[in-house]
Amino acid sequence: MNRASLKRSKILHMALMGTSDPTGEAETSQEKPFVLRALQIALVVSLYWITSISMVFLNKYLLDSPSLRLDTPIFVTFYQCLVTVLLCKGLSSLATCCPGTVDFPALHLDLKVARSVLPLSAVFIGMITFNNLCLKYVGVAFYNVGRSLTTVFNVLLSYLLLKQTTSFYALLTCSVIIGGFWLGVDQEGAEGTLSWTGTLFGVLASLCVSLNAIYTKKVLPAVDGSIWRLTFYNNVNACVLFLPLLLVLGELQALFSFPQLGSAHFWGMMTLGGLFGFAIGYVTGLQIKFTSPLTHNVSGTAKACAQTVLAVLYYEEAKSFLWWTSNMMVLGGSSAYTWVRGREMKKMQEEPHPRETEKSNMEV
């Protein structure tokens with residue numbers, strides 16, 4: 001179980017860092033027929049796209065729907081964390097009661113472990129909260145541009161915290177992303193739809209996503225390398241930390257005066273949002289398993305493009321050529337960075353270690 005958990009955490013970490021599998025091991029069996037493998041990949045990628053896009057549109061509805069008029073973004077985020085905790089505990093109990101039914105680690109709340117995970121949980125709370133706040137104040141079409149600086153912060157934080165330098169070509173792709181971001185902000189302003197508040201939340205969300213990837217690597221040993229245990233403790237900590245925020249910001253009072261509080265439709269949509277929030281972690285790992293971290297990042301970029309087009313069509317928005325150019329710069333820069341980093345990692349793996357080379361020369 002621990003070995004499987006470590007493998008899954010390794011895969012997800014590679015996805016966050018945009019690198020390829022250093023072992024070169026393919027998860028899918030090469031003995032399977034090509035058609036079957038192609039169908040599996042198509043199904044998994046489609047599942048990822050559907051889950052991710054549906055979650056964004058559903059969250060937009062819960063956070064900023066004129067028909068719902070619910071101004072409690074922290075409560076929406078809190079409830080989604082609560083659903084994740086209950087799902088994790090339920091699957092853990094099912095795996096314990098019915099071995100072989102589902103592959104899920106045993107979960108028991110340990111306060112010592114919860115304290116160890118707390119620094120990451122603070123970053124995790126910032127990540128999901130700023131993501132939702134960004135989505136509340138900006139349109140779905142601009143959402144990807146608004147929080148597109150994750151790659152740039154990855155490079156910056158890797159240098160500041162890990163002292164890792166970045167190649168010229170990787171920095172060049174980052175400059176394309178920054179250029180696309182500023183062009184997108186400019187075009188949103190020109191169309192009169194720019195929200196500086198939403199844009200600021202998008203930048204903060206990007207920063208927290210980068211910090212989350214770094215802190216995840218540090219905290220994983222505390223949960224035996226299990227991504228599911230980390231998910232459980234992160235969301236438990238988040239539920240506890242959100243409670244005082246709900247009181248201080250007056251969201252509980254606003255919720256009690258909400259006209260649709262007793263509506264089954266409202267709670268059904270809220271629960272569905274929590275289910276999608278839980279599922280996105282699973283389908284992300286599944287897509288990486290059946291393809292590769294590099295392919296996952298490319299798929300994510302293509303999904304973002306499709307999501308933007310769908311949002312423009314759904315909300316019947318008219319966008320300028322330069323607005324679309326900003327999106328293409330952000331998506332193209334992100335794809336190029338993934339490709340450049342993948343090539344660099346592959347080259348590093350193929351190059352012999354200096355000590356091995358010296359040993360070989362001495363033997364000759």
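Note: Cβ is positioned from N, Cα and C throughout, glycine not excepted.
All TrEMBL annotations are machine predictions without curation.
As recorded in TrEMBL:
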DOMAIN    40-333  domain 'Sugar phosphate transporter'
TRANSMEM  41-62  transmembrane segment
TRANSMEM  74-92  transmembrane segment
TRANSMEM  113-130  transmembrane segment
TRANSMEM  142-161  transmembrane segment
TRANSMEM  168-185  transmembrane segment
TRANSMEM  197-215  transmembrane segment
TRANSMEM  236-258  transmembrane segment
TRANSMEM  264-285  transmembrane segment
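Touching of the transmembrane segment (236-258) and the transmembrane segment (168-185) is ruled out by the presence of fewer than three CB pairs under 8 A, sequence neighbours closer than 6 excluded.
Stretch with the most C-beta contacts under 8 angstroms to the transmembrane segment (113-130), considering only 41-62, 74-92, 142-161, 168-185, 264-285: 74-92. Taking pairs at least six residues apart, the transmembrane segment (142-161) and the transmembrane segment (264-285) share fewer than three Cβ pairs below 8 Å and do not count as touching. Residues belonging to the domain 'Sugar phosphate transporter' (40-333) score a mean pLDDT of 90 in the model.
Sequence-distant contacts of the transmembrane segment (74-92), counting only residues of its own chain at least 6 positions beyond either end whose CB sits under 8 Å from a CB of the stretch, comprise 59, 62-63, 102, 104-107, 128-129, 132, 228, 231-232, 235-236, 238-239, 242-243, 245-246, 249, 251-252, 255, 270-271, 273-275, 277-278. Long-range Cβ contacts of the transmembrane segment (168-185) within its own chain (Cβ-Cβ under 8 Å, at least 6 residues beyond either end) map to 142, 145-146, 148-149, 151-152, 155, 194, 199, 322-323, 325-334, 336-337, 340-341, 344.
Using a Cβ-Cβ cut-off under 8 Å and counting only residues 6 or more beyond its ends in the same chain, the transmembrane segment (41-62) has close neighbours at 68, 70, 76, 132, 135-136, 140, 143, 269-270, 272-273, 276-277, 279-280, 283-284, 286-287, 289-291, 299-300, 303, 306-307, 310-311, 314.
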